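J.: This is the structure I want to talk about, given as structure tokens.
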């Protein structure tokens, strides 16, 4: 499988700790401008203070009640709906120049494959769900499928922004205030909750960086291949 990136140089992986959402968003824009001007591909790995981010398709009933929750809601330029970010969740923002012809669906599938691989290495089987983005723990014994990682991207000038969020050891109660990603008939989970042991962000950070690099460069085979599409964003 070929690389989906337009340049062969190494991805600049930056591990940033905890970063305010607005600051990280501006950094993404600056890096995207630099990439369009000939700079390197970059992968930001970080955590955010508690924040809800609403994509362009978020409906009023999916939002938190502002009188009950003091967590800020940020309107973003990605597609999709609302989700939560906060401590214990690893967020990845790949700022990548995509090769022609653009296939954003294939790009998203590669991010999913990287997340599936890392979960499997930890001993957790995860998969895709048809018609729903992100990575899921399959339902069983009357328990619904549970989302463990969200993906929401934007592509402009053939360059990606936003990315993925993997729940490691985070406050799952924060998702109860919203309809996560607009999906009301499924749950949300974390690596720690599913594996019955503490899995911290630092435990998966390096593995995620390696898997994302391998997936984008074609070293990690896709278990599900898309047909080319003109999608510009998803969540």
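Placement of Cβ uses the backbone N, Cα and C atoms for every residue, glycine included.
As annotated by Swiss-Prot, domain 'BPL/LPL catalytic' applies to 37-220, with the evidence given as sequence analysis. The substrate binding site annotation in Swiss-Prot covers 78, 79, 80, 81, 82, 83, 84, 85, 150, 151, 152, 163, 164, 165. According to Swiss-Prot, the feature site 'Lowers pKa of active site Cys' maps to 147. Positions annotated as active site, acyl-thioester intermediate by Swiss-Prot: 181.
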J.: Considering all pairs of residues in 78, 79, 80, 81, 82, 83, 84, 85, 150, 151, 152, 163, 164, 165, annotated in the record as contacting substrate, what is the maximal C-alpha distance expressed in whole angstrom?
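T.: Roughly 16 Å, rounded to the nearest whole number.
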J.: Fewest other CB within 10 angstroms, which one of the binding-site residues 84, 164?
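T.: Output over binding-site residues 84, 164: least Cβ neighbours within 10 Å is 164.
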J.: Return only the integer: C-alpha distance in Å from residue 164 (substrate binding site) to residue 147 (site 'Lowers pKa of active site Cys').
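T.: On Cα coordinates alone, these residues lie 12 Å apart.
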J.: Among all protein chains shown, how many Cβ atoms are found within 10 Å of the Cβ of residue 150 (substrate binding site), not counting that one?
T.: 26
J.: Tell me, by DSSP, whether residue 80 (substrate binding site) is helix, strand or coil?
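T.: SS state of residue 80 (substrate binding site) = coil.
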J.: What is the Cβ neighbour count of residue 80 (substrate binding site) at a 10 Å cut-off, with all protein chains included?
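T.: Around residue 80 (substrate binding site), other Cβ atoms within 10 Å: 25.
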J.: Summarise the model confidence on the domain 'BPL/LPL catalytic' (37-220) as a single mean pLDDT, whole number.
T.: 88
